[in-house]
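Data first, discussion second: the structure below is written as structure tokens.
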Amino acid sequence: MSQTAGSGDEVRKAGANPKRGGGCFDGHDSVSKRPRTADEASGSDNAEVKKEKQFSIEADAAEDKGSRHSMEDAWVVLLGAGSPGKLRCAHFAVYDGHGGRLSAEHAQKNLHSNVLSAGLPRELMDVKAAKKAILDGFKKTDETLLQESTSGGWQDGATAVCVWVLGNTVFVANIGDAKAVLARSTVDDGESHMKAIVLTREHKAIYPQERARIQKAGGSVSSNGRLQGRLEVSRAFGDRQFKKVGVIATPDIHSFNLTGREHFIILGCDGLWGVFGPSDAVEFVHKLLKEGLTVAAVSRRLVKEAVRERRCKDNCTAIVITFTAKQSLALNIGVSKVVFPVYRNIIALLFLGPAAYFLEKNERPPLTFSLLVQFFLLALLGITANQGFYFLGLYYASPTFASAMQNSVPAITFLMASVLRLEQVHITRRDGLAKVAGTIASVGGATIMTLFQGPLLHQNQARGNTGEEIDITKSQNWTLGCVYLVGHCLSWAGWMVLQAPVLKKYPAKLTFTSFSCFFGLLQFLVIAAFMETDFEHWKIQSAEEILTILYAGIVASGVVISIQTWCIHKGGPVFVAIFQPVQTVLVAAMAIIIFGDHLYSGRILGAILITIGLYAVLWGKSREKILEDQEKQGTLTKHLLEDEKTSREKGNGPLPLDIP
């Protein structure tokens with residue numbers, strides 16, 4: 001970490017060279033040039049089909065407090081960085097705190113959202129606009145940090161090294177002595193002769209350019225190279241007491257395009273780079289990746305090597321970001337999100353239509369105008385409003401919040417069905433209490449799994465304070481996002497509840513689902529025709545888009561909706577809705593098994609509550625069915641006895657028994 005004088009820690013780490021400026025290399029580096037910047041790269045921002053490389057990104061982080069008593073670093077890993085748009089956005093950052101952790105945590109929680117608010121491009125690439133947004137985001141983050149530190153009475157600071165990946169363009173920004181190093185091969189698609197390229201310039205008071213700026217601001221640099229004799233770095237978030245004498249939070253920002261020669265980037269605090277040279281670190285990481293280790297394992301091994309083998313006494317944090325190229329014919333902007341549901345419902349209709357025609361040919365009731373109107377309204381509710389509100393909710397809010405909101409669907413469905421008398425709730429009976437308590441337990445369990453982690457039970461990978469948990473939605477209209485997601489949940493629940501009486505009149509379930517997709521297609525087609533007038537946004541240019549549309553149309557719309565409709569007809573809307581939280585359990589299990597995610601106690605508790613709630617509702621409904629059958633049997637017996645009594649009173653004798 002960056003140190004202040006009098007802290008008792010060593011002033012200079014092994015391997016650091018105060019005479020070299022940031023962006024230089026140790027004696028073993030022989031790199032002659034930096035990667036081509038996006039400003040230098042040729043090409044148009046206009047949407048055009050061209051042969052270009054597509055890159056998959058993997059990243060993970062690891063940290064160790066070293067011999068320190070506390071951890072002052074913070075970091076962010078966001079592979080899907082919140083704000084939706086046609087450009088892929090990923091964000092990674094290491095914040096190196098000194099004098100405390102509050103500044104690092106503030107930057108961790110606020111910098112990315114401030115950059116998004118400042119206008120980070122999300123539709124078409126604009127390098128100048130992106131750099132301006134990053135610059136403004138740093139400025140706003142420091143301003144709000146200074147306000148909080150003034151009111152809170154704390155004076156710590158934090159350096160930072162950050163990466164944003166927009167499409168195929170990488171932006172690197174840093175303040176202080178945290179560093180980013182790129183591993184770049186000398187030939188396209190080759191992994192031999194790997195170069196280590198430092199992407200950042202250190203900001204220390206000892207360097208002439210920074211010294212001159214500090215002195216111009218009225219500060220001084222002592223003989224030991226520290227600002228005012230105390231602070232080693234000259235740029236940082238926070239450090240309120242040094243702002244008037246030269247400490248600033250203005251980052252250096254560089255950009256370059258991914259070409260297939262860039263293999264990975266290492267982000268690290270000065271604790272890491274104090275014991276690793278750039279070439280040394282690149283060679284170490286490259287060797288582990290060639291052995292087939294995961295990115296998480298590589299980042300963990302890198303930090304372990306720094307602390308345990310190379311005796312780093314400082315806090316040590318590292319992020320490893322890998323780029324894997326795949327060649328494909330791609331459209332710069334891709335299919336619009338408004339057009340996507342049109343294609344999705346076309347595929348669903350083509351999948352369901354023939355099946356409905358042949359399988360239900362002899363049992364399909366006659367269609368009436370009234371039924372067609374009901375089909376249209378149900379499609380408006382369950383297809384158009386449901387999918388549309390969900391996409392809008394994701395745009396303005398976070399995926400985590402959207403997932404949490406979806407868990408309210410069973411409760412909303414239960415209330416709607418109860419109000420409309422489609423679900424009987426005998427609150428004084430055990431079956432009624434079981435259904436109510438089970439619904440509450442399932443919703444609560446799913447919410448706990450989504451929003452609460454709890455203590456870590458099993459750590460598959462060194463993820464630490466993962467960036468997926470950082471709230472990055474402050475840049476978006478959170479209130480509007482909540483409204484849209486509430487609309488999504490209401491429309492979904494309403495669709496399940498209101499189709500139950502329709503299915504009683506028209507039990508041809510595949511035909512009903514086909515008409516729903518047909519009317520949903522017409523409705524989305526009208527919306528897309530008005531909102532997407534650019535024909536380029538309607539083009540499908542990649543195999544990935546085709547596979548996504550086919551999966552969404554056949555599986556998500558065709559198979560899933562058909563099964564839901566069949567289950568609603570057989571068991572009612574609450575029976576279907578109560579299984580929604582199971583999705584949360586399955587997703588969490590797959591994340592742990594397939595992607596090596598952490599296992600937290602909150603997930604175990606949530607899964608247990610969901611399971612208990614599900615069985616409680618199923619038991620309640622089965623018990624209710626038994627009681628209803630007994631009641632019907634009792635009523636039938638009573639009527640038979642009354643009829644027999646009446647017959648005897650009239651002198652007709654007992655009723656004859658029907659014996660085959």
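Using N, Cα and C of the backbone, Cβ positions are placed for all residues, glycine too.
Listed in TrEMBL:
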COMPBIAS  26-39  compositional bias 'Basic and acidic residues'
COMPBIAS  639-651  compositional bias 'Basic and acidic residues'
DOMAIN    58-323  domain 'PPM-type phosphatase'
REGION    1-55  region 'Disordered'
REGION    638-660  region 'Disordered'
TRANSMEM  342-359  transmembrane segment
TRANSMEM  371-395  transmembrane segment
TRANSMEM  401-420  transmembrane segment
TRANSMEM  432-452  transmembrane segment
TRANSMEM  478-498  transmembrane segment
TRANSMEM  510-531  transmembrane segment
TRANSMEM  546-567  transmembrane segment
TRANSMEM  574-594  transmembrane segment
TRANSMEM  600-618  transmembrane segment
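Ranked by the number of CB pairs under 8 Å to the transmembrane segment (546-567), the listed stretches 342-359, 371-395, 478-498, 510-531 are led by 342-359.
Residues 84, 337, 341, 345, 402, 405, 476, 481-482, 484-485, 487-488, 491-492, 494-496, 498-499, 502, 505-506, 512, 515-520, 523-524, 527 of the same chain, all 6+ positions outside the transmembrane segment (371-395), place their C-beta atoms under 8 angstroms from a C-beta of that stretch. Here the transmembrane segment (342-359) has Cβ contacts under 8 Å with residues 335, 383, 508, 510-511, 513-514, 517-518, 520-521, 524-525, 528, 540, 549-550, 552-554, 556-558, 561-562 of the same chain, all six or more residues outside its ends. Mean predicted confidence for the domain 'PPM-type phosphatase' (58-323): the pLDDT average there is 90.
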